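Lifted from Swiss-Prot, the feature list:
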{"type": "BINDING", "residues": "MET159, ARG160, LYS161, ARG162, ALA222, GLN223, ARG224, LEU225, ARG226, GLY227, ARG228, LEU229", "note": "heparin binding site"}
{"type": "REGION", "residues": "77-248", "note": "region '8 X 22 AA approximate tandem repeats'"}
{"type": "REGION", "residues": "155-165", "note": "region 'LDL and other lipoprotein receptors binding'"}
{"type": "REGION", "residues": "207-283", "note": "region 'Lipid-binding and lipoprotein association'"}
{"type": "REGION", "residues": "259-310", "note": "region 'Homooligomerization'"}
{"type": "REGION", "residues": "271-283", "note": "region 'Specificity for association with VLDL'"}
{"type": "REPEAT", "residues": "77-98", "note": "repeat '1'"}
{"type": "REPEAT", "residues": "99-120", "note": "repeat '2'"}
{"type": "REPEAT", "residues": "121-142", "note": "repeat '3'"}
{"type": "REPEAT", "residues": "143-164", "note": "repeat '4'"}
{"type": "REPEAT", "residues": "165-186", "note": "repeat '5'"}
{"type": "REPEAT", "residues": "187-208", "note": "repeat '6'"}
{"type": "REPEAT", "residues": "209-226", "note": "repeat '7'"}
{"type": "REPEAT", "residues": "227-248", "note": "repeat '8'"}
Amino acid sequence: MKVLWAALVVTLLAGCGADVEPGPEVQLGKEWATWQASQPWEQALGRFWNYLRWVQTLSEQVQEQLLSSQVTEELTALMDDTMKEVKACQSELEEQLGPVTEETKARVSKELQAAQARLGADMEEVRSRLAQYRGELQAMVGQSTEELRGRLSAHLRKMRKRLLRDAEDLQRRLAVYQAGIWEGAERSVNTLREHLGPLAEQAATVHTLVSKPLQERAEAWAQRLRGRLEKAGFPVGDRLDEVREQVQEVRAKVEEQANQVRLQAEAFQGRLKSWFEPLVQDMQQKWAELVEKVQLAVGAVPTSVPSEKQ
């Protein structure tokens, strides 16, 4: 687990330091196709991305809607939805951090807020640029707007690259911290099992620890009593039989109590097993899904992100 944790951190740092270089439009499209939108915030961001791709076509329909406020209003709604889901995901993760130091919580919160702010700034810049284009377009009614469309298209390509980079940076950070939480939870369950194991073993040996010494002491006492009674001239046969029966009754009661203790301990262990095994299995399944998702996300983002061409 520790080795995988270290590998995820190294991957996160390497992805954050990647440079952005030009490249063909089709490559960026393929990269976005590998986006693992399993979380609500990832799905919301996917809707923002798809709408932005449609706007970038600058078709006649897009041009008509850009002259009104419809495009910017739609982007605003998609952006607000995305940031709302991002904040909810961050809050949930911070709650799951559990018994870590306040310093660690503060550092994680600061890093996630910074990544979240970068993503929000990217979407805000897209919206602002389209609002600016709308004003320029309205001022050029009846004139050629080809140059204006070219500048907007180039700017949107640049913003799509930045948006993809910052989105995957946030995704990797969330994955790394979530992996640490699952590792800690699984380790805690294993520790609890290690502590409960000896309890079951002790309960299983209660019968031997209690009944055997009692039996030995009872037999020794009976022998001493027989010797004393014989020396005193008393008949000991019936009396010893009575004593033996009493000893057997005491022994049976002790054995019954020991068995009850053992059964209670076994039942307690069974309840704990039924409580924690589904949790461990669920965490192991989520861990496997997380590792696969991180590997796909990291493998889909090369050290240099190509630019786009219409």
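Each Cβ is built from the backbone N, Cα and C atoms, and glycine gets one as well.
Across the range of the repeat '3' (121-142), the DSSP-based residue counts are 19 helix, 0 strand, 3 coil. Sequence-distant contacts of the repeat '1' (77-98) (same chain, six or more residues past either end, CB-CB distance under 8 Å): 39-41, 43-45, 47-48, 51, 104-105, 108-109, 112-113, 116, 119-120, 123-124, 127, 170, 174, 177-178, 181, 184-185.
Over the repeat '1' (77-98) the predicted model carries a mean pLDDT of 87. Counting only residues at least six positions away in the same chain, the Cβ atoms of LEU52, ASP122, GLU125, VAL126, ARG129 sit under 8 Å from the Cβ of MET159 (heparin binding site). Look at LYS161 (heparin binding site): DSSP puts it in a helix.
The binding-site residues LYS161, ARG224 differ in how many other CB atoms lie within 10 Å of their CB, and the one with the most is LYS161. Taken residue by residue, the repeat '1' (77-98) breaks down under DSSP into 20 helix, 0 strand, 2 coil. Within the repeat '2' (99-120), the DSSP-based counts of helix, strand and coil residues read 19 helix, 0 strand, 3 coil.
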